[in-house]
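Feature annotations, courtesy of Swiss-Prot:
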SIGNAL    1-24  signal peptide
MOD_RES   GLN25  pyrrolidone carboxylic acid
ACT_SITE  HIS37  active site, proton acceptor
DISULFID  CYS50-CYS105  disulfide bond
MOTIF     55-59  motif 'Nucleolar localization signal'
DISULFID  CYS63-CYS116  disulfide bond
DISULFID  CYS81-CYS131  disulfide bond
BINDING   CYS105, VAL127  tRNA binding site
ACT_SITE  HIS138  active site, proton donor
Amino acid sequence: MVMGLHLLFLVFILGLGLTPPTLAQNDLRYNRFLEEHYDPKTKNGNDRYCDKMMRLRNMISPCKAINTFIHGKKESIKAICGTENGVPYNGNKRKSKSAFQVTICKHRGGSPRPPCQYRATAGSRNVVVACENGLPVHLDESIFRP
């Protein structure tokens, strides 16, 4: 029994070593995308929301000039990378078929060092993302829907 567990553990460890690095890197880039741009708890952020979220997400050293938070379901955002909720756009990017509630946080200017202050613009927009292996890894832009 003990020998069987050791063998099973060895096979597991070897399997981890054989995991393609690109898959792990894609997960890392996708998780970074979520950290920078995903907030399902808010619908429309204001200036205080931007100040707080940019600080909580560690985007203030130096102050990031602009950042967009998407307020939607994670599955709907991932679906932009497929045909369910995305269409090809401007080369290798994907544009969402449906609009998302977003909050765009723009640095008010001044010093690039904290404390950073942001102005919020909230609304419904289509988003454009770059995808790798079916996952969004970069938010390129948001497009206002007339």
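Cβ atoms here come from the backbone N, Cα and C positions, even for glycine.
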Response to the item:
The recorded positions listed are HIS37, VAL127, HIS138; by CA-CA distance, the one closest to CYS116 (disulfide bond) is HIS37
Worksheet, complete the sentence: Simplified to three states, DSSP reports CYS50 (disulfide bond) as helix
Worksheet item: Looking at Cβ-Cβ distances, which residues of the chain lie under 8 angstroms from VAL127 (tRNA binding site) while being 6 or more apart from it?
Response: THR68, ILE70, ILE77, ILE80, LYS95, SER96, PHE100, VAL102, LEU139, GLU141, SER142, ILE143
Practice prompt. Calculate the distance in Å between the alpha carbons (Cα) of HIS37 (active site, proton acceptor) and CYS105 (disulfide bond), and round it to a whole number.
Written response: 11
Practice prompt. With CYS81 (disulfide bond) as the reference Cα, tell me which of the recorded positions CYS50, CYS63, CYS105, HIS138 is the closest one.
Written response: HIS138
Item to complete: Just give the helix, strand and coil counts over the motif 'Nucleolar localization signal' (55-59), going by DSSP.
Response: 2 helix, 0 strand, 3 coil
Worksheet item: Cα distance, HIS138 (active site, proton donor) to CYS50 (disulfide bond), nearest Å?
Response: 19
Fill in: Fewest-neighbour residue among active-site residues, criterion Cβ within 10 Å, set HIS37, HIS138
HIS138
Practice prompt. Please tell me which one of the recorded positions listed here (CYS63, CYS131, HIS138) sits closest to CYS105 (disulfide bond), measuring Cα to Cα?
Written response: CYS63
Worksheet entry | Surrounding CB atoms that lie within 10 Å of the CB of CYS131 (disulfide bond), all protein chains | 20
Worksheet item: Can you give the mean pLDDT for the motif 'Nucleolar localization signal' (55-59), rounded to a whole number?
Response: 96
Worksheet item: Around CYS116 (disulfide bond), how many other C-beta atoms are within 10 angstroms of its C-beta?
Response: 21
